[in-house]
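**Q** My questions will all concern the structure given below.
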Amino acid sequence: MPIITDVYAREVLDSRGNPTVEVEVLTESGAFGRALVPSGASTGEHEAVELRDGDKSRYLGKGVTKAVENVNEIIAPEIIEGEFSVLDQVSIDKMMIALDGTPNKGKLGANAILGVSIAVARAAADLLGQPLYKYLGGFNGKQLPVPMMNIVNGGSHSDAPIAFQEFMILPVGATTFKESLRWGTEIFHNLKSILSQRGLETAVGDEGGFAPKFEGTEDAVETIIQAIEAAGYKPGEEVFLGFDCASSEFYENGVYDYSKFEGEHGAKRTAAEQVDYLEQLVDKYPIITIEDGMDENDWDGWKQLTERIGDRVQLVGDDLFVTNTEILAKGIENGIGNSILIKVNQIGTLTETFDAIEMAQKAGYTAVVSHRSGETEDTTIADIAVATNAGQIKTGSLSRTDRIAKYNQLLRIEDELFETAKYDGIKSFYNLDK
């Protein structure tokens, strides 16, 4: 039977050693689902609330026992007494949103609500004997995503003196996901060798990318291009580059202040100068995607950037849109950006996540399914990427098990789909003039 008989949450640890929420759901028939909730380092101010305890004597205030209690003492009784079917995802998600009663899930916590939402979906898939991607996407979920591999970490994700948070490679010239993963791995290892030869650090950051002390942004870019060529691939044809600028992390009082991360030599740019700078980088290097190139509240700057390079570069809103359909709708109406980053914990339920992806795709925006810097062994985002035919996934570098787990899950899915599996490569950037 599909009726849920037990919902249980516990406090576990994420990839940074910080507490997070794990939720388990059980049905009458024994179907079971488990979910672990991720956590971000650089967060948009409009994100749903991640509930932390604030007790400095325990986990430095980062405990999640309040969120766990909210699952076990508030959400679980509501689901069990209401005799909800595990197959009724939308009703359960809406019930939790109503039970919270705040616009940002600040009462129960998005980390509590999301854990239940994903665990319910996993239990439903188990009940039906289906893989999660097939339960979520039906027979039409068959497109494997282009991986956006974050091989150099800067900004808030590392101690490297570079303002931009992520430098990514995208193997769009591959013909299968399996091949794209191999290309990325070969480039990653070539990059490590090049860094070692230069006497630079090869320790990795939160998302598995290297965090050496480059001599600035262009040094990082040119070193990555060198690694692509050393691996035997053609930059700008087979492999493109991408940035996550995370501009909100160094924007203050109308100024993009690179010195926050780059020290006394870091530039200070107005919005117009920031647009000019990003355009110069796009003109000089094979860049296909830029995330959060402008501050989340600098909508005039976003408009300028979109008008300037939005026809040839994917401009992804992360802190800008925070997986929120109300904000995304405003962005679509005003021609802001051309893509949305999808992070399940920014909004807090699977239902709202799927609504955001659908809205973006209907408007001709791309949707990039993404991890967080604080991750776990949970692989749900891999299944979501295939279920929604998103075409792109951002889940870190080619090291750290919390990142590799998602890539390995995509390899399994590609194998399961066999001849029906698609990898569209450059065609996944369907709204660009490429």
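Numbers run from 1 along the shown chain.
Note: Cβ is positioned from N, Cα and C throughout, glycine not excepted.
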**Q** From K134, K343, K422, K427, grab the residue that Swiss-Prot records in the same (2R)-2-phosphoglycerate site as Q165, R372, S373, K394.
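**A** Only hit among K134, K343, K422, K427 in Swiss-Prot's (2R)-2-phosphoglycerate site, alongside Q165, R372, S373, K394: K343.
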**Q** Per Swiss-Prot, which of D219, D318, D319 sits in the Mg(2+) site along with D244, E291?
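**A** Mg(2+) site check in Swiss-Prot: besides D244, E291, the record includes D318 out of D219, D318, D319.
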**Q** Need this for a regression test: recorded positions Q165, E207, K343, filtered to those with Cα within 10 Å of D244 (Mg(2+) binding site). What's left?
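**A** Of Q165, E207, K343, within range: Q165.
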**Q** Around the Cβ of E207 (active site, proton donor), how many other Cβ atoms lie within 10 Å? Please give the count over every shown protein chain.
**A** 30
**Q** Could you measure between E207 (active site, proton donor) and E291 (Mg(2+) binding site) for me? Cα positions, answer in whole angstrom.
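**A** Computed Cα spacing between E207 (active site, proton donor) and E291 (Mg(2+) binding site) is 16 Å.
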**Q** Let me know the most crowded of the binding-site residues, choosing from Q165, S373 and counting other Cβ atoms within 10 Å.
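**A** Of Q165, S373, the one with the most crowded Cβ is Q165.
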**Q** If you count other Cβ atoms within 10 Å of each one's Cβ, which of the recorded positions K343, R372, K394 has the most?
**A** K394
